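Novice: According to TrEMBL, the record shows the following:
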type	residues	note
DOMAIN	B:5-226	domain 'CobQ/CobB/MinD/ParA nucleotide binding'
BINDING	B:Lys11, B:Gly12, B:Gly13, B:Val14, B:Gly15, B:Lys16, B:Thr17, B:Thr18	ATP binding site
Amino acid sequence: MLNTSPILEFKSSTFFSPILILYTNDMVAIEQMLHEKINLAPDFFKDSPLIIDLRELNKLNLDLDFAQIAQLLKRTGFFPVGIRGGNEQQNKQARALSLPIDTVRELGNPIIIGEAQKQESIQQPPAQPEVVIVKESVQPTAIPPVPAASVLVTQPIRSGQRIYSSGDLIILSQVSAGAEIMAEGNIHVYNTLRGRALAGVHGNTAARIFCFDLQAELVSIAGDYKTSEDLNKQTYNNPVQVYLQNHALIIKEIA
Amino acid sequence: MARIIVVTSGKGGVGKTTTSAAIAMGLAKKGHKTAVIDFDVGLRNLDLILGCERRVVYDFINVINGEASLNQALIRDKNCNLLYILPASQTRDKDALTHEGVGKVLDELSKDFQYIVCDSPAGIEKGANLALYFADDAFVVTNPEISSVRDSDRMLGILSSKSRRAERNEEPIKEYLLLTRYDADRVKLGEMLSLEDVQEILSLELLGIIPESKSVLSASNAGIPVILDEKSEAGQAYADIVARYLGETLPHRFIDGKQGFLRRLFGGRK
């Protein structure tokens, strides 16, 4: 074989999709409520993939007609792409309709400003994501029309505190060891960074971390991470930026 | 209205109770009517340090439960008649402390006292959380070692997010650093964190350094707050701290340690 150009390639990737939690099997009520929600942000929901969460429904012992709900969702502009939390029979029905079954993964409750309510371990960047095969061309493009607001913090972030921003996160004071700062966008720390910093937590590989003095316990961009042990001695204690390049985490001094 | 001070640290054994007893005595000696409350329910110690353990009849939990009045439970100090102690219960645990109960006791004390010192237990559980919840000022007691510094940092996070002032969006608790058990000689040898090292991590206003001193242990064993031992360095350090807290400007002492006789004679190494 002389032709070495690849025919296809498998890659693993994670992506985020809205989850529809149903509390009733009343199709009329569901459709009405969906229309109301869509009217609030038409662009956000247009052609959005959707996973149907059945746990609440099953708690109430309510049955669901899959063919009907799938049709209803398509009619309102969604693409049902799977179910989760279903029982054996529901999983069987879903398979018959070519709806994949997602196992229930708790992603925690990351939007905590200030003191963490629960001492949860962080969303550890998965080394190998569970089998999620995504053809790049059908990657969903459900991007909210309004850019998320950035969060500005002027007080020191102490050990044990967690800060989350759905946009950029800008911190003017120090981040202590044992603190955790997370942003869906970029992270700027105009002081010493000693805690954990996770940028692009929803998979934004273009996100970056900037800090005046790198002494971090962990830095992560879109799930790719390095712990302080792996940090280069040369960049330690220096002003740096952290970014992803060809799936490699680059830590570079800001001259 | 009284000013409520919490003496806290996160870590145990760093000198919270010693500090509580010393500064409460110091404030009283300066003419301010002061109450000191032991929040370490089940591990009562403050009464020993203040030498009033044989006069405990009712305790903090009795008052919270309405089994005794505040006046019945408060013990007047032998050395200073402006200092009162509210001891913890030794037979109960921290669950006996309730939010409403503590609030009520502090409200009642506030009417009559100028300063209320809350001696927090170690840890970040109920006792410690209730001790800091109502505070106006926090004395963060830290030893010059890395685990104590980190625990203090954690405590500062809780002070800024879980207090009444934080919940009500009021002016935050004023936080002060008290560096205790400081041994300047060991700092010079690199065996102990220096003041700069600690300040780099915590960046807090320093209220004072208490040097490691034998007089602390002997004062505790004798049941006399070390601040009354005016000859000891620790006693002087606490007196400085009280004066600074009350607004006096005093230079910081005990950072470089004392000059040894031989070092003075031969000029030392540095």
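A Cβ is built for glycine as well, from the same backbone N, Cα and C atoms used for every other residue.
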Novice: Using the Cβ centroid of B:Lys11, B:Gly12, B:Gly13, B:Val14, B:Gly15, B:Lys16, B:Thr17, B:Thr18 as the reference point for the ATP site, which residues of the same chain not in that list have Cβ within 8 Å?
Specialist: B:Ser9, B:Thr19, B:Ala122, B:Val141, B:Thr180
Novice: If we count other C-beta atoms within 10 Å, could you say which of the binding-site residues B:Gly12, B:Gly15 has the fewest?
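Specialist: Candidates: the binding-site residues B:Gly12, B:Gly15. Fewest Cβ atoms within 10 Å: B:Gly12.
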Novice: Non-local Cβ contacts of B:Thr17 (ATP binding site) (under 8 Å, 6 or more apart, same chain)?
Specialist: B:Asp38, B:Asp40, B:Asn45, B:Leu46, B:Ile49, B:Asp119
Novice: When you tally the Cβ atoms that lie within 10 Å of each candidate's Cβ, which of the binding-site residues (B:Gly13, B:Val14, B:Lys16, B:Thr18) has the highest tally?
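Specialist: Of B:Gly13, B:Val14, B:Lys16, B:Thr18, the one with the most crowded Cβ is B:Lys16.
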Novice: Counting every protein chain present, what is the number of Cβ atoms, excluding its own, within 10 Å of the Cβ of B:Lys11 (ATP binding site)?
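Specialist: Counting Cβ neighbours of B:Lys11 (ATP binding site) within 10 Å gives 21.
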Novice: Give the mean pLDDT for the domain 'CobQ/CobB/MinD/ParA nucleotide binding' (B:5-226) on the 0 to 100 scale.
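Specialist: Per the prediction, mean pLDDT sits at 95 for the domain 'CobQ/CobB/MinD/ParA nucleotide binding' (B:5-226).
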